[in-house]
Amino acid sequence: MKMASSSSALSFPLSNIPTCSKKSQQFQKPASLSKSSHTHKPSLKTQILHHKFTKRNLLSLTTALGFTSALGTVLAHPAKAEPEAPIEATSNRMSYSRFLQHLKENEVKKVDLIENGTVAIVEISNPVVGKIQRVRVNLPGLPVDLVREMKEKNVDFAAHPMNVNWGAFLLNFLGNLGFPLILLVSLLLTSSSRRNPAGPNLPFGLGRSKAKFQMEPNTGITFEDVAGVDEAKQDFEEIVEFLKTPEKFSALGAKIPKGVLLTGPPGTGKTLLAKAIAGEAGVPFFSLSGSEFIEMFVGVGASRARDLFNKAKANSPCIVFIDEIDAVGRMRGTGIGGGNDEREQTLNQILTEMDGFAGNTGVIVIAATNRPEILDSALLRPGRFDRQVSVGLPDIRGREEILKVHSRSKKLDKDVSLSVIAMRTPGFSGADLANLMNEAAILAGRRGKDKITLTEIDDSIDRIVAGMEGTKMIDGKSKAIVAYHEVGHAICATLTEGHDPVQKVTLVPRGQARGLTWFLPGEDPTLVSKQQLFARIVGGLGGRAAEDVIFGEPEITTGAAGDLQQVTEIARQMVTMFGMSEIGPWALTDPAVKQNDVVLRMLARNSMSEKLAEDIDSCVKKIIGDAYEVAKKHVRNNREAIDKLVDVLLEKETLTGDEFRAILSEYTDQPLNTDGDVRIRINDLISV
């Protein structure tokens with residue numbers, strides 16, 4: 001194959017490459033245009049078309065270069081060219097050792113050294129064959145001893161230099177470089193932005209917002225599906241009315257709120273409210289998580305924030321929902337070593353977009369978080385989040401309404417009362433109640449029932465609060481100790497004024513607890529008196545007191561570990577937070593110590609002296625000591641009733657609150673806690 005072929009291969013595709021002259025011909029203005037038209041600057045549209053045409057020509061040129069390189073690699077000579085005669089004359093190969101043997105026997109006539117002396121084409125006079133053979137031998141370099149021996153044997157040998165085909169070498173180089181060059185130039189062209197180089201067109205689309213956009217949202221959820229959060233629901237209905245009939249409010253000079261921040265514990269329905277307003281408002285809806293702003297590349301977060309609000313302004317009026325905004329809206333300057341600059345840059349961009357120099361007319365931002373205490377103060381000010389709606393745990397009426405929503409598609413037994421379930425589930429969030437009804441339905445199906453009964457609902461409550469039911473204990477000393485422990489809790493709590501009534505005592509293990517004593521909690525856990533707190537400590541120590549009095553101090557067990565931790569925490573809060581001790585009404589705890597943020601806790605200043613710390617420990621010890629003496633007194637004075645209750649509990653393994661009080665009333669004339677005027681949350685159970 002001749003070099004002419006490679007030259008033609010090189011020139012063929014280059015003839016199709018668009019040149020600058022063609023480009024200028026395509027964009028020549030017609031002669032009929034007036035002279036004044038030539039003096040005008042080209043429009044923005046013309047500049048963009050010219051920019052796109054230039055990129056297209058450059059891409060075509062790069063593609064042609066790549067195809068030319070690949071075709072040249074196929075058609076051209078190899079970069080190395082050896083003498084044709086020795087190589088083409090032989091296809092046989094011989095080992096180096098056999099070559100040396102033939103050399104010693106004076107059978108080697110001629111040696112041609114090629115490829116820098118690493119290969120030899122050898123002519124051997126083989127008496128066995130009776131003719132001269134031409135073979136190829138791979139040499140381990142070119143040893144001096146081999147050259148000396150060939151001279152001694154008068155062997156005709158010659159070294160052939162390597163001829164370099166520079167045309168083929170160039171085509172080979174371009175062939176290897178062509179594809180990476182095409183890929184690189186294509187990425188640069190597609191990722192470049194004429195107006196905003198660091199804007200939404202970052203490589204691989206990193207700068208574009210990941211928000212889900214719905215022009216006509218269809219979430220399947222309306223305000224009828226939201227219950228138990230009437231105050232928050234009313235605020236959202238007002239925003240929807242503002243979007244649908246803005247003239248009603250603008251006539252009075254009112255402006256639509258720019259932002260609404262939803263705060264509250266997890267599972268209370270913050271995201272559900274956002275889905276409801278998306279289905280009711282009838283305006284474009286953008287939704288994303290706060291964590292979707294930040295990536296591993298610097299500048300991506302701020303770019304995505306700009307892109308999000310640019311799209312929102314283009315579709316205004318609209319709603320932007322940012323879930324878990326604490327992922328990006330955390331207070332600035334709290335990070336170790338100066339903080340997370342990328343997150344702070346993103347937050348600064350969000351602050352500017354929400355209420356900066358340009359403003360964001362027509363864009364309503366709704367955000368949700370369960371950690372409002374760590375949000376930046378600039379994010380919370382009016383003008384950005386005009387309204388802060390607290391979505392708390394529902395009360396008994398709210399729980400009943402939520403249960404009605406989640407029981408629409410479920411078959412309930414006629415004996416099931418949603419109001420009773422609502423009364424027995426204080427402290428449950430909307431998500432907890434939805435999970436409760438789903439667990440009850442699963443349990444009823446597992447048991448082969450066609451309806452959900454109160455038994456399945458009770459078992460589901462136990463499972464959600466305390467965990468799955470474990471293997472029942474075998475009768476023996478351990479089971480008796482657990483029975484006395486749980487009855488001790490119930491006795492001490494019932495006989496102490498201010499405690500909550502017993503709901504259930506059981507020996508059925510759940511989770512890590514081998515036995516459980518349930519109390520019927522109250523509706524307002526935020527207002528608790530000193531007498532109630534002391535009664536809780538007495539009830540919590542009732543299990544340890546029963547073990548101590550009945551079995552003796554050497555037989556007390558580790559089952560009271562959780563109880564001791566709980567009562568110690570209550571006693572310390574009475575001293576340091578609530579001012580219910582001899583020290584006086586002091587708040588002795590730095591609020592920053594209670595923060596969930598690790599950095600804030602590290603930076604918290606402890607202003608407490610050593611003497612004051614000793615006084616606090618003494619007061620805590622005295623409160624717990626007094627409560628323990630009261631608990632042991634209850635156990636000693638009601639030993640007969642305790643033995644009876646333990647016998648019944650070992651037999652039935654579960655006692656309801658009414659059964660427990662009926663047996664206890666036979667042995668004592670002391671008033672029992674049977675009403676639920678003052679109660680605690682159901683999660684504040686006492687377990688072993």
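Yeah, the Cβs are placed from backbone N, Cα and C, and that goes for glycine too.
Straight from Swiss-Prot, the features:
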type     : residues                                                       : note
REGION   : 25-44                                                          : region 'Disordered'
TOPO_DOM : 84-168                                                         : topological domain 'Lumenal, thylakoid'
TRANSMEM : 169-189                                                        : transmembrane segment
TOPO_DOM : 190-688                                                        : topological domain 'Stromal'
BINDING  : Gly264, Pro265, Pro266, Gly267, Thr268, Gly269, Lys270, Thr271 : ATP binding site
BINDING  : His485, His489, Asp563                                         : Zn(2+) binding site
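Taking the centre of the Cβ atoms of Gly264, Pro265, Pro266, Gly267, Thr268, Gly269, Lys270, Thr271 as the ATP site, the nearby residues of that chain (Cβ within 8 Å, site residues left out) are Leu262, Ala368, Asn370, Val391, Ser429, Gly430, Ala431.
It is His489 that, of the binding-site residues Lys270, His489, has its Cβ surrounded by the most other Cβ atoms within 10 Å. In the shown protein chains, 17 other C-beta atoms lie within 10 A of the C-beta of Thr271 (ATP binding site). Taking each Cβ in turn and tallying the other Cβ atoms within 10 Å, the top scorer among the binding-site residues Gly264, Gly267, Gly269 is Gly269. Listed in sequence order, the residues of the same chain lying 6 or more apart from Thr268 (ATP binding site) and placing their CB within less than 8 Å of its CB are Val229, Val391, Gly392, Leu393, Pro394, Ser429, Gly430, Ala431.
Helix, strand and coil content of the topological domain 'Lumenal, thylakoid' (84-168), in residues and according to DSSP, is 26 helix, 32 strand, 27 coil. Of all the binding-site residues listed here (His485, His489, Asp563), Asp563 has the Cα closest to the Cα of Thr271 (ATP binding site). Ranking the binding-site residues His485, His489, Asp563 by Cα distance from Gly264 (ATP binding site) puts Asp563 first.
Per Cα geometry, Asp563 is the residue among the binding-site residues His485, His489, Asp563 nearest to Gly269 (ATP binding site). Counted within 10 Å of its Cβ, the other Cβ atoms near Asp563 (Zn(2+) binding site) come to 21, all protein chains included. Around the Cβ of His485 (Zn(2+) binding site), the number of neighbouring Cβ atoms within 10 Å comes to 30.
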